[in-house]
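Positions annotated as transmembrane segment by TrEMBL: 12-29. If you look up TrEMBL, you'll see 136 marked as active site, proton donor/acceptor. What TrEMBL lists as active site, acyl-thioester intermediate is 202. Look at TrEMBL and you will find 232-280 tagged as region 'Disordered'. Here TrEMBL flags 253-280 as compositional bias 'Basic and acidic residues'.
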């Protein structure tokens, strides 16, 4: 048998180590992502309602090209640090039941989706039509991973620092990437007859990239609008201004509508939700 030269052994070992690192890095906490998420939270805290209003009105070079968005790749984030301008911030998304807190940005660029959630259309308005947001699903419980933990009846809350818009989660669905009608105002009006929020991330049936990922949606119906405060944003319950409003909601809760449905295929994700939040 021909003896291998030392350099061949070294190269073979290096290739094996590099392969293991590239595979494992997708499952390791990424300090760059964590830093950018925290930085965006701080930025939202510093912005005023007037700042956000100006951001919404300005014609930024935001991208709404879904085809240009790549699957999440921590290797890219390590080598290409992100730096988003505060002028792209439109508000905040909070789902208290699953402790989800994300900054809302304009557009769906890779930079946006490595930091928070982005608006899927340039003309969306909070509390009106179909307010559609997209984010990355990440295996390490980062970014919009916890979208898959949301259950029927959970509070979905967004704010522009002036008003808080509260939606109740009523339905989920897994669709093909081409089902772009789900983010239109017309589709929302035909199906729900009232303003909704559409939250979307990628859905991987095998929990691994297989080149054939679908899109996972959670839909919520608008049920309340109230003045902004930080305490209200983190309230696990709806912020009713009166007992009459609360009673009316309880009697006509859209999440109890038999026409809407949360599919049980996410049961394993809901188990993750209970185990993670209860063990904190």
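Glycine too: its Cβ is placed from the backbone N, Cα and C atoms.
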From the DSSP assignment alone, can you count helix, strand and coil residues within the region 'Disordered' (232-280)? 30 helix, 0 strand, 19 coil
List the Cα distance (Å, whole number) between the residue listed as 'active site, acyl-thioester intermediate' and the residue listed as 'active site, proton donor/acceptor'. 7
Let me spell it out: for each of the active-site residues (136, 202), count the other Cβ atoms within 10 Å of that residue's Cβ, using every protein chain shown. Which one has the most? 136
